[in-house]
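*Asks:* Before we start, here is the structure in question, set down as C-alpha cells.
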Amino acid sequence: MTDAVQSTAGPGAGAATLPHTGGTTDRSARHTPGDSHMWVMVLGDLVIFGTYFLIFMIHRTMKPAEFLTAQQHLNITIGVANTLVLLTSSLFIAQSVHAARDGQYDRARRLTYLGGAFGVLFIVVKAYEWSVEIRGGFTLPSNDFFMFYFMLTGVHLFHVTLGLVILGVVVRELRNPRRRRMSIVESGAVYWHMVDLLWIVIFGLLYVMR
C-alpha cells in the first residue's frame, strides 16, 4: 500500500512546491515599494519639474551669454555642500527602510530622524545661499537666469519641506507598535528620494552646465 501511494504521488508531489516557491519569488521581485498613490504623486511631480527643466533649457539656448554670466555669481561650493547634505539624508532614509523591514523599528526611527535633520540642514544652507545672492543684488526680476534660479530652488524647497512633514508621519508610524505599516515607511522614502533626484538635476542645470 505504501509503495502504491508513493508511486501515485511520485514525481508530481515533489514538484508541486516549485510553482508555489517560484510564485513567491516572483511576487517579491515585482514588489514596488510604497503606496500606488504616492507613485502617482511622484510621477506627477517629475512631469511638472521636467516641464520646468525643458523651459529653462529653451531660455538658456535663446540667451546663452546672459545665462553664463549670471551663473558665475552662484557659489558652486554651497551647491556641492547642499548636494552632499541631501545625498547623506537619502542614505539615512534608505537605511531606515531596511531597518524597518528587519523589524528594527527603534533604529529605523533614529535613522529617519537623522535623515530629517539633514533635510533641515539643507533648508538652512539654501536660505543662507539665497541671502548671499539677494545681498549681492540678485533677485527674481534681475534677469531670466535668476528668475529660474529662485523659481526652481524655491519650488524644490517647498517639496523638501513637504518631505519633512511626510518623514514626520513615518516617525509616528514607526513609534506606534499597532501601526508600523511598511507601505507608509516606503512611501516616505520614495518621496524623499524623488526630492533628492530633483535637486541633483537642478544642481546640474544651475551650477554645473556651461
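We count from 1, first residue shown onward.
Backbone N, Cα and C define each Cβ position, glycine as well.
From TrEMBL, here are the annotated features:
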COMPBIAS  8-25  compositional bias 'Low complexity'
DOMAIN    38-210  domain 'Heme-copper oxidase subunit III family profile'
REGION    1-30  region 'Disordered'
TRANSMEM  38-58  transmembrane segment
TRANSMEM  78-99  transmembrane segment
TRANSMEM  111-128  transmembrane segment
TRANSMEM  148-170  transmembrane segment
TRANSMEM  190-209  transmembrane segment
*Asks:* Should anything in the same chain at least six residues away from the transmembrane segment (111-128) have a Cβ under 8 Å from its Cβ atoms, list it; otherwise answer none.
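*Replies:* Same-chain contacts beyond the flanks: 78, 81-82, 85-86, 88-90, 92-93, 95-96, 99, 153, 157, 160-161, 163-164, 167-168, 170-171, 174, 188, 192.
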*Asks:* Quickly jot the same-chain residues contacting the transmembrane segment (190-209) by Cβ under 8 Å, restricted to those at least six beyond its ends, or write none.
*Replies:* 33-34, 38-39, 41-42, 45-46, 49, 53, 56-57, 71, 74, 76, 79-80, 82-83, 86-87, 89-90, 93-94, 115, 119, 148-149, 152-153, 156, 159-160, 162-163, 166-167
*Asks:* Looking only at the domain 'Heme-copper oxidase subunit III family profile' (38-210), report the model's average pLDDT.
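*Replies:* Mean pLDDT, the domain 'Heme-copper oxidase subunit III family profile' (38-210): 95.
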*Asks:* Residues sitting near the transmembrane segment (148-170): Cβ under 8 Å, six or more positions beyond its termini, same chain?
*Replies:* 45, 49, 52, 56, 59, 70, 74, 93, 96, 112, 115-116, 119-120, 122-123, 126, 130, 133, 139-140, 184-185, 187-189, 191-192, 194-195, 198-199, 202, 205-206
